[in-house]
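Student: Below is one structure. I have some questions about it.
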Amino acid sequence: MKTLGEFIVEKQHEFSHATGELTALLSAIKLGAKIIHRDINKAGLVDILGASGAENAQGEVQQKLDLFANEKLKAALKARDIVAGIASEEEDEIVVFEGCEYAKYVVLMDPLDGSSNIDVNVSVGTIFSIYRRVTPVGTPVTEEDFLQPGNKQVAAGYVVYGSSTMLVYTTGCGVHAFTYDPSLGVFCLCQERMRFPEKGKTYSINEGNYIKFPNGVKKYIKFCQEEDKSTNRPYTSRYIGSLVADFHRNLLKGGIYLYPSTASHPDGKLRLLYECNPMAFLAEQAGGKASDGKERILDIIPETLHQRRSFFVGNDHMVEDVERFIREFPDA
């Protein structure tokens, strides 16, 4: 049995930025995940369920667990003195860590994806993305350090809190998964170099918003529902409403996750920096693809911290089909 800590040290030589700092940074995220796992499992017994009454930078009501997870991850990262600052879906601006000006890395995160599902005991997750800073080491980080395209990521991953808690990450050398053993307090390697199955058969989208979708996406949904033995259709529809949980299932079983633009969210709803980029990095490392319908997600130059984007991620052939339908059936 190999633990996450042992695996990270063993694989350091495989990526170009192999340093003790990055290893320690991933260990800090691991610690934060353990704390969140512990408290999610007793959320109904302590007063951390439901809405907090506050709103985040996008005007969305924050759940109590959103704020809890954000603070625990932030504290775990700051305690190691290896991160110069963070950007979070739950923070209006970047958070500069005082006394960490010589740290090389910045972290972007969605502390608790799908948190509205907590009240009904559905899987949720944590998403993280790691970059090397671009401003001079020894100075405080600025927003410039965070507004980097996804193809500059050093590492990315997610933690899914479900029937078991799993941490999945990449440093650009494959995707690896670890299951948390609460009796030992360690994450243990369960899958190395994960890949999407060759053919996907599941599509994940909130079809309740069908009337609001672009024409190309509507056509693709109909394509998924049509019977065609040569392409193994119809596909199966599965949608949890938690990006991490939907992505994780599709990574294991094969499929595509779709979150297109709508009339109320013309730029899409998912955040480029906190959700799209890290999941796109993981998808490509697992042999999949990620797109906004027209452009590779990892090539998009971000303009603002909380920028949104349409998002299609999963098996490469399925994402390519969506792109084709969007090209062929543009909105009037």
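From the backbone N, Cα and C atoms, a Cβ is placed for every residue, glycine too.
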Student: From Glu71, Glu89, Glu143, Glu144, grab the residue that Swiss-Prot records in the same Mg(2+) 1 site as Asp110, Leu112.
Tutor: Glu89
Student: Among Lys104, Lys199, Lys269, which residue does Swiss-Prot annotate as binding substrate together with Asp113, Gly114, Ser115, Ser116, Asn206, Tyr239, Tyr257, Leu258, Tyr259?
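Tutor: Given Asp113, Gly114, Ser115, Ser116, Asn206, Tyr239, Tyr257, Leu258, Tyr259 bind substrate in Swiss-Prot, the matching entry from Lys104, Lys199, Lys269 is Lys269.
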Student: Same Mg(2+) 2 site as Asp110, Asp113 according to Swiss-Prot: which of Glu275, Glu284, Glu295?
Tutor: Glu275
Student: Where the distance is taken from Cα to Cα, which of the binding-site residues Asn206, Tyr257, Glu275 turns out closest to Asp110 (Mg(2+) 1 binding site)?
Tutor: Glu275
Student: CB neighbours of Asp113 (Mg(2+) 2 binding site) within 10 A?
Tutor: 28
Student: Quick one: Cα separation, Leu112 (Mg(2+) 1 binding site) versus Glu275 (Mg(2+) 2 binding site), in Å?
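Tutor: About 11 Å separates the two Cα atoms.
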Student: Where among the binding-site residues Glu89, Asp110 do you find the Cβ with the fewest other Cβ atoms within 10 Å?
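Tutor: Candidates: the binding-site residues Glu89, Asp110. Fewest Cβ atoms within 10 Å: Glu89.
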Student: Return the count of C-beta atoms lying within 10 angstroms of the C-beta of Tyr259 (substrate binding site), excluding that atom itself.
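Tutor: Excluding its own Cβ, the number within 10 Å is 24.
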Student: Note down the number of other Cβ atoms within 10 Å of the Cβ of Glu275 (Mg(2+) 2 binding site), including every protein chain shown.
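Tutor: Taking every protein chain into account, the count is 27.
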Student: What's the CA to CA span in angstrom from Tyr257 (substrate binding site) over to Glu275 (Mg(2+) 2 binding site)?
Tutor: 12
